[in-house]
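**Student:** Questions regarding the structure given below will be posed in turn.
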Amino acid sequence: MALYHLFSHPIERAYRAGLCSKAALFLLLTTALTYIPPLLVAFRSHGFWLKRSSYEEQPNVRFQHQVLLVALLGPEPEAFLAWSTFPTFNRLQGAHLRVPLVSSREEDRNQDGKMDVLYFKLELPLQPTEHVLGVQLILTFSYQLHRMSTFEMQSMAFLQSSFAVPGSQLYVNGDLRLQQKQPLSYRGLDIRYNVSVINGTSPFAQDYDLTHIVAAYQERNVTTVLSDPNPIWLVGRAAEAPFVIHAVIRYPTEVISYQPGFWEMIKFAWIQYVSILLIFLWVFERIKIFVFQNQVVTSIPVAVPQGEIRKEHLS
C-alpha cells in the first residue's frame, strides 16, 4: 500500500550536561565571546559615544537698528567721519560727527514668520573736498534658535572695506552666518550672550573703539559673521552727492552643532553594537551547532518536540 505524507511537526534537539561539565564551560565561554567582543569592537572603532550632533534650523533674526559707522577720508591719514545710534559715541566724536540718512527694511519671503533678508541703506553727506576711501560699519542683530535648546543672543555684522581711489557708493551682498566654537546644549535656555555688543550706556571712549568691540566679540563661543559680502566699490561721485552704502544681508538656514542628550547617545551606541552583534550571533551559533552535533564536548542529545524545551524552563 502506498504511503502518503499526512502530518509533520518540528523536533528540537537538546543537549544536556551538568553545570560543571566541559559542555557548560564551553557554552559560557561562547556566550561571553558572542556579546563582549562586539562591544569592544564598536568602542575601539571610535565614534561609539555620540559627543556632537547637528540639525538644520532657520534662525529668528531681527535687525536691532543699532549702527556704528566710521568713514575713512583721504588724502589726510587721520581724517575720518563717524556716527552711531549711541548718543555718547556721537558726543565723543566732536567735529568728526556727521549724521547720515539711514533706511532699512526686512522681508519674510516665504511667509513663515521669520525674516529672511535685510535691506539697509545709508547716505552720508559729504563736502565737495571730502573723499571716502574706506568704510567700517557695525550692524547689530537679535539672534534666536528654538528647535532644540532655546538660544538667544545679540550679535553683529562687521563690514570693513578700503580702496585706493575715492568712492561714491559701496554695494554689499552677503549672508549673516553663525559661527560656533563649541556645540550648544540640547535643551534648556541659553542667554549667556544675550547682551549688547556695544555698551551704549558707557561714558568711556574705549568701549566704542572698534578694536575693543571686535576683540570682545570674538571672545564669544558663538558669534555671527557677514559671510561673502562681495563688496562693489563705485567711483565718480558728484560734488554735492552723498556717499551711499547699500547692504543686502540674508538670514540663511544654519546647521547647528549641539551636544546630544543621554538617550540619543544610547540610541546611537546601541545601533552600532547591535549591527556588530548580529554577525557574532550568526558565527557562534554555527560553532555551537558543530561542537554539540559532533560531540566535541560530551553531552547527551535528546529529541524534544518544539516548545517542550521552553515549557521545561518555565516550570
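Note that Cβ sites are derived from N, Cα and C of the backbone, with glycine treated the same way.
Pasting the relevant annotations from Swiss-Prot:
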CARBOHYD  N194  N-linked glycosylation site
CARBOHYD  N199  N-linked glycosylation site
CARBOHYD  N221  N-linked glycosylation site
TRANSMEM  23-43  transmembrane segment
TRANSMEM  262-282  transmembrane segment
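If you look at the structure here, what lies around each of the features I listed?
**Tutor:** Other Cβ atoms within 10 Å of the Cβ of N194 (N-linked glycosylation site) number 15 in total over all chains.
Non-local neighbourhood of N199 (N-linked glycosylation site): D207, each in the same chain, at least six residues away, with C-beta under 8 Å from its C-beta.
According to DSSP, N221 (N-linked glycosylation site) is assigned to coil rather than to any helix or strand. Within 10 Å of the C-beta of N221 (N-linked glycosylation site) there are 12 other C-beta atoms, taking all protein chains into account.
Nonlocal intrachain contacts for the transmembrane segment (262-282), taken as residues 6+ away from its ends with a CB within less than 8 angstroms of a stretch CB, comprise 33-35, 37-39, 41-42, 45, 47-50, 53, 186.
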**Student:** Reported as an integer number of Å, what is the Cα distance between N221 (N-linked glycosylation site) and N194 (N-linked glycosylation site)?
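**Tutor:** The separation of the Cα atoms works out to 13 Å.
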**Student:** Taking DSSP three-state, what's N199 (N-linked glycosylation site) in: helix, strand or coil?
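**Tutor:** N199 (N-linked glycosylation site) sits in coil per DSSP, no helix or strand.
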**Student:** Quickly jot the same-chain residues contacting the transmembrane segment (23-43) by Cβ under 8 Å, restricted to those at least six beyond its ends, or write none.
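**Tutor:** Distal contacts: 15, 17, 269, 272-273, 276-277, 279-281, 284, 287-288, 291-292, 297-299.
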